[in-house]
Amino acid sequence: MSPSPLNPKTTHYEFLGPAGTLAISVGVPILTYAQYFACSEVAGGCPPALSLHTTCLRVLAALSDPEWWKSLWDTEATIAYFGWYAFCVVAWALLPGDIVEGTTLRDGRKIKYKINAFSTFLLALGITTGLILRNGPEAFTFIYNKWVGLLTASLLMSFLQACYVYAASFRPGKLLALGGNTGNLIYDWFIGRELNPSIGSFDIMSFNELRPGLILWVLINISMVCEQAVRRGGFSQVTDSMWLVLAFQTWYVADGLYNESALFTTMDIITDGFGFMLSMGDLFYVPFVYSLQARYLAFHPVVLGSLRTLGIFLFNFWGYYIFRTANAEKNDFRNGSNPKNLKFMTTARGSKLLTSGWWGRSRHPNYLGDLIMALAWSLPTGFETPITYYYVIFFTFFLMHRQHRDDKACQKKYGNDWDKYTKLVPYRIVPYVY
Ligand SMILES: NC(=O)c1ccc[n+]([C@@H]2O[C@H](COP(=O)([O-])OP(=O)(O)OC[C@H]3O[C@@H](n4cnc5c(N)ncnc54)[C@H](OP(=O)(O)O)[C@@H]3O)[C@@H](O)[C@H]2O)c1
């Protein structure tokens, strides 16, 4: 399909262009497997107590051993993973849900979305809880035991999906993402060529953003709780730190799913295409990397005591409060209401920007709340290893980069008005600091 006024050719590369996107496509899976082998019981600890020399020898021995490569694949885990994905599709199709319209696209269309991610979550939780109550915690340690096989299966699914949406984007009449139409195969496949790929009324991007990855993250955590319960002699022996991680992350996921319609005003849905970056992020990275704390606690229990438990709980609540109120202020405002009577400026484009409340304190106050929560999720693991803090560190760089991308996109969208806004609200994420 040649560029058209509606689908102009992308002339600017992000992520250091094709070489950068290829490096991320290969590097992120390698790092994710490496994270497992650097922090697991199978490998001998978190990290295993080995010298650098022994570690290098071990890595080389594994990489040159065909049996090690074969061990990354597990047919049973692959069937289970694809079954899980199919369950989510069937739940989307069969469970009732309101139909909500997204924002107006460049071609004047509005996509209709079925809102039933939260009921899918409740159904998955109900089935899991029933299974555990009936058969005990042993019945749900499958995910802990099949970790590497499931990781490979989710990577395969991410890859297949990205190839499918890339190929389908060449069908006539597609609306392409402004950033994903360079003509370079690797780059466009990674960034996502089509803005909102779909099969009939099944919107692939919004489905992936919320269901098979996010819900699986909670199921993974439940499996880690079960693993700890089996080892320690029942649920009553599961540590306070493990319950905290489960509660925090379940709450975060439930909140995202409950507020499903808020997704339709996010950058991913409005401006980004759906390619390997989001496919891998949603299906592979989020569930298997974000659950690191619970996986660590499954084989390395930490008892916090009531004071530290309360302190971490309050810290997480503080982050959640900022995250939720900031997102609610913007969502209400973008949906035409302003219940707190916040100040705003009107741009030449006609669109308005909040200049008081959370959005007057920094240009991405919601990221601040997210970062506080990320730290609160790592604190229950204690301080014996830095690896469980990987998520906070990764997330800080991720959100700084995302803020930079969004700033550039808004500068392009609003021009001088954005400059005025950044003068009024100079801090990017953390008020008075950054
Ligand atoms: N856990 C994870 O892995 C993860 C990953 C990504 C995001 N998140 C979270 O998801 C949530 C959504 O984040 P997001 O990155 O999609 O972006 P977002 O912060 O929800 O939205 C950015 C958009 O908001 C609008 N905006 C900016 N300033 C505004 C103002 N002053 N008043 C009104 N509107 C304004 C602009 O779009 P318009 O002006 O065009 O409306 C801008 O492009 C955040 O809470 C984030 O932390 C979590």
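We number each residue from 1, going along the chain as drawn.
Every residue gets a Cβ built from N, Cα and C, even glycine.
Copied from TrEMBL, the annotated features are:
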- 78-95: transmembrane segment (TRANSMEM)
- 115-135: transmembrane segment (TRANSMEM)
- 147-168: transmembrane segment (TRANSMEM)
- 270-290: transmembrane segment (TRANSMEM)
- 302-323: transmembrane segment (TRANSMEM)
- 371-399: transmembrane segment (TRANSMEM)
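The stretch from 78-95, 115-135, 270-290, 302-323 with the most CB pairs below 8 A to the transmembrane segment (147-168) is 270-290. A Cβ distance under 8 Å defines the sequence-distant neighbours of the transmembrane segment (115-135), meaning residues of its chain 6+ beyond its ends; these are 87-88, 91-92, 95-100, 210-211, 215, 218-219, 222, 226, 253-254, 257-258, 260-261.
If you look at the transmembrane segment (302-323), the same-chain residues 6 or more away from its ends with a CB under 8 A from one of its CBs are 239-241, 244, 248, 251-252, 255, 358, 365-366, 368-377, 379-382.
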